[in-house]
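Written out below as structure tokens is the structure these notes cover.
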Protein chains: 2
Amino acid sequence: MTTLRIAEIFGPTIQGEGALIGEPTLFVRAGGCDYRCSWCDSLHAVDSAYRHTWAPMSSEEVWTELRRLSGDRPLTISLSGGNPAIQDFGPLIALGRAAGYRFACETQGSVARPWFGDLDTLVLSPKPPSSGEQVDWGAFAKCVAAGHSARSTVMKIVIFDRADYDWAKDAHARHPDLPLYLQPGNPEVDPEVPVDPQGLADRLGWLTDTAMADNWFAPRILPQLHVLIWGNKRGV
Amino acid sequence: MTTLRIAEIFGPTIQGEGALIGEPTLFVRAGGCDYRCSWCDSLHAVDSAYRHTWAPMSSEEVWTELRRLSGDRPLTISLSGGNPAIQDFGPLIALGRAAGYRFACETQGSVARPWFGDLDTLVLSPKPPSSGEQVDWGAFAKCVAAGHSARSTVMKIVIFDRADYDWAKDAHARHPDLPLYLQPGNPEVDPEVPVDPQGLADRLGWLTDTAMADNWFAPRILPQLHVLIWGNKRGV
């Protein structure tokens, strides 16, 4: 039996970003990640220093908790992390789909999994230069291929600066068929420090102005609504 | 030849709300409306006192301006108002579609038009009690029927208070097959007064909390990004 390492399960609340923005969603945040992005906003699900806070749970136990949180109403379940693709979420997806739940998964695209094909929405988020990580585009292409039978596969890129923006254009050129979502990076990741909504608005305005002035109309440009509403608080 | 009354043509900029949120879009705001919503944020396209500012334009003239603004790149064109359905946008849609542009139309659903069926996205926004208007659900159903060959038809409802929220549940029950979008109302509509982004965040949080506490998971809940970024300035 697969044992999963789970940092958080919460919801329902709205999906704050990307293709399903605004959609009532249950979140399963997996513990553990093969990346260490400089601006990571979920270090509690990434850094091994937090490993003792990750609950070892069977797929059935996760499923029981999701049913409880949703009152058995079939919602969208978002698998995030950390990188959920370093664990086996196939059995959980099978349990949920059988009950009419829909699944999305957010992953950087470094590890391909057969269960990507069972998702409703596969969100691949290659990390731009500001992250300090380097994308393996061969591995990324394997993720796209693994998701071929998902209902939709999209690309989402976080943009902190002009170098990230230029990089996103190259990334899009590699996979022009994937619907593309850009979101301004959030430099305010301390859960104890309130987020400045005007700063968030300004970053969204900057990214919009940059793309429009550049006549680049391929991406949809969206903020992180959860940060706007709740700052960096966890579990919302 | 049809002469259109046009309050504004602007863009490209991102669509700030609803199903196409974040999508680079050209906007055609039609002058004239059969409603007088108490909280209307586009009175300059509604009130006859502004009629002298509405340009009489042929469909070809509007199309020429849209081509200029987009540099001939086929984008999404949003027809809004006012109520665009009181005018004949069929010829403009035909011109644009032949060149690969996509069309969305935002209307309250009081007047059905054959050209609804030629749209990519028909957004029907029935007005809740706080508007002071009364929805004619028979006319609304005719709009849904007229849009049957549109790529998608969605319902969007602005929510100012609990009465609007309860009304939205009834509206959804009448048309459960239409994907539903809720957005918090914006009480700050004076273009000269800066919008308070924290207030916008609080209203979005209230609406999200209300729906989640009520276990109502049908709608997607989204803010107005253009208000967040630009306040109530026109032409952005």
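Glycine is treated like the rest: Cβ placed from N, Cα and C.
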Binding-site annotation, TrEMBL, substrate: partner of B:Ile14, B:Gln15, B:Gly16, B:Ser80 in B:Arg29, B:Arg67, B:Arg68: B:Arg29
Annotated companion of B:Trp39, B:Cys40, B:Asp41, B:Ser125, B:Pro126, B:Lys127 at the S-adenosyl-L-methionine site, TrEMBL, chosen from B:Gly71, B:Gly82, B:Gly90, B:Gly96: B:Gly82
Among B:Gln15, B:Gly16, B:Arg29, B:Cys33, which are recorded as binding-site residues, the nearest neighbour of B:Trp39 (S-adenosyl-L-methionine binding site) by Cα: B:Cys33
Longest CA-CA distance among B:Ile14, B:Gln15, B:Gly16, B:Arg29, B:Ser80, per record bound to substrate, angstrom: 15
Collapsed DSSP category at B:Gln15 (substrate binding site): coil
Conformational class of B:Asp41 (S-adenosyl-L-methionine binding site) under the three-state DSSP mapping: coil
Of B:Ile14, B:Cys33, B:Cys40, B:Ser42, B:Ser80, B:Gly82, chain A-adjacent binding-site residues (C-beta under 8 angstroms): B:Ile14
Whole-number Å value for how far B:Gly16 (substrate binding site) lies from B:Cys40 ([4Fe-4S] cluster binding site) (Cα to Cα): 16
B:Ser125 (S-adenosyl-L-methionine binding site) to B:Ser80 (substrate binding site) - Cα separation in whole Å: 11
Site with most surrounding Cβ atoms, counting all protein chains shown within 10 Å, from the binding-site residues B:Gln15, B:Ser42, B:Ser80: B:Gln15
